[in-house]
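Visitor: So that we are looking at the same thing, I have put the structure below in structure tokens.
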Amino acid sequence: MAPNPRKSHPILKMVNNSLIDLPTPPNISAWWNFGSLLGICLVTQILTGLLLATHYTADTSLAFSSVAHTCRNVQYGWLIRNLHANGASLFFICIYLHIGRGLYYGSYLYKETWNTGVILLLSLMATAFVGYVLPWGQMSFWGATVITNLFSAFPYIGQTLVEWAWGGFSVDNPTLTRFFALHFLLPFLIAGLTLTHLTFLHETGSNNPLGLISNCDKIPFHPYFSPKDLLGFILMFLPLTALALFSPNLLGDPENFTPANPLVTPPHIKPEWYFLFAYAILRSIPNKLGGVLALAASVLILFLAPFLHKSKQRTMTFRPLSQLLFWILVTNLLILTWVGSQPVEQPFIIIGQLASLAYFIILLILFPIIGALENKMLNF
């Protein structure tokens, strides 16, 4: 009998072991769909991005008009741009839900998989930031100025670091050119990191909602979970196409329809919605260096998740107190996102400060305490 190429061919064998014959826990829920959705998001963003890059000019005098030209004169250029811009929002929705799932079900105990995932998040944030600068509208320019300026908070090397990032003494043509180069390069780095992420995941196998070892009871990924993933793709593309076709500018900033002008500062500089929670934490601290450190800590704190796990149970499925705390954390993040979009005035300042404090207290202090308390309750 001839060997099946799916199982013997060096490349097809890898695909087979990752997507077809992959042993999968039988009880994983829809929360396990987001990994594959993120993969589809990445492919979509790279394809639409490549098409946009063929019509884009990375020059301060031409960038804004080249984007307008793409939307007006290129066949379906408006659609490609709308899919790319709104695809980024969907990418972040999926990654935040994916991280939330990881925190809820204790997936962070697979340390290598979790750490590569956090590095992926940081790479995605960097890619989205440099990408937002490319249309060279008002918010692009001032967003780049404000965020890159944060590096100047570092003692001694700060100012040198900023000028090195800018390629001059302000955000100008060299900045735009290097940001375009980075925005083109980083998605391929993300694709490589994704393979590392998957390699580490397939070393241990997937976690499941009960947090139990399911090696004795696994089923092949295809045909049991492939249709489930397909349904996920359809349910993701529906809102994306609806957004791109009916309300493409809903999540954008009207300021970005004005070409960048270094002489006019917008009344309220703010990043895209998916960075608002971190921006609110940054703004909550009156000291510049303190704000930058809090901003970095708000994301880097995820690296500590495996060390803050004190419970004897892996998931929160049977831990009502931890569940309550988890949903308080989610609500807190939504409050931070809302505060980040508001002007810097009372009562938003104090709400932001309290929510920022609550964010770190919940993750660093309350989760370990509640975990230890639930261990005690198991003895009764």
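Note that Cβ sites are derived from N, Cα and C of the backbone, with glycine treated the same way.
Per Swiss-Prot, the feature transmembrane segment maps to 34-54, 78-99, 114-134, 179-199, 227-247, 289-309, 321-341, 348-368; the stated evidence is similarity to another entry. Annotated heme b b562 binding site per Swiss-Prot: His84, His183, in sequence order, evidence recorded as similarity to another entry. What Swiss-Prot records for His98, His197 is heme b b566 binding site, and it gives similarity to another entry as the kind of evidence. Residues annotated as ubiquinone binding site in Swiss-Prot: His202.
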Visitor: Taking the Cβ of His183 (heme b b562 binding site) as centre, how many other Cβ atoms lie within 10 Å?
Guide: 22
Visitor: Go through His84, His98, His202, the listed binding-site residues, and name the one with the sparsest Cβ surroundings, counting other Cβ atoms within 10 Å.
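Guide: Result for the binding-site residues His84, His98, His202: minimum number of other Cβ atoms within 10 Å at His202.
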Visitor: Expressed to the nearest Å, what is the distance separating His202 (ubiquinone binding site) and His98 (heme b b566 binding site) at their Cα atoms?
Guide: 17
Visitor: Quick check for me: are there 3+ Cβ pairs below 8 Å between the transmembrane segment (114-134) and the transmembrane segment (289-309), leaving out pairs under 6 residues apart?
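Guide: When sequence-distant Cβ pairs are counted, the transmembrane segment (289-309) touches the transmembrane segment (114-134), since at least 3 lie under 8 Å.
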Visitor: Considering only the recorded stretches 34-54, 179-199, 321-341, 348-368, state which has the highest number of Cβ pairs under 8 Å to the transmembrane segment (289-309).
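Guide: Answer is 348-368, with the largest number of Cβ pairs below 8 Å.
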Visitor: Can you work out which residues elsewhere in the same chain, 6+ from the ends of the transmembrane segment (227-247), have a Cβ less than 8 Å from its Cβ atoms?
Guide: 30, 33-34, 36-37, 40-41, 79, 82-83, 86-87, 89-90, 94
Visitor: Any residues 6+ beyond the ends of the transmembrane segment (78-99) with a Cβ under 8 Å from its own?
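Guide: Counting only partners 6 or more residues beyond its ends, the transmembrane segment (78-99) has Cβ contacts under 8 Å with 31, 34-35, 37-38, 41-42, 44-45, 48-49, 51-52, 67, 70-72, 117, 120-121, 124, 128, 131, 236, 239-241, 243-245, 248, 251-252, 272-274, 302.
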Visitor: Which secondary structure state does DSSP assign to His197 (heme b b566 binding site), in the simple three-class scheme?
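Guide: Helix, per DSSP.
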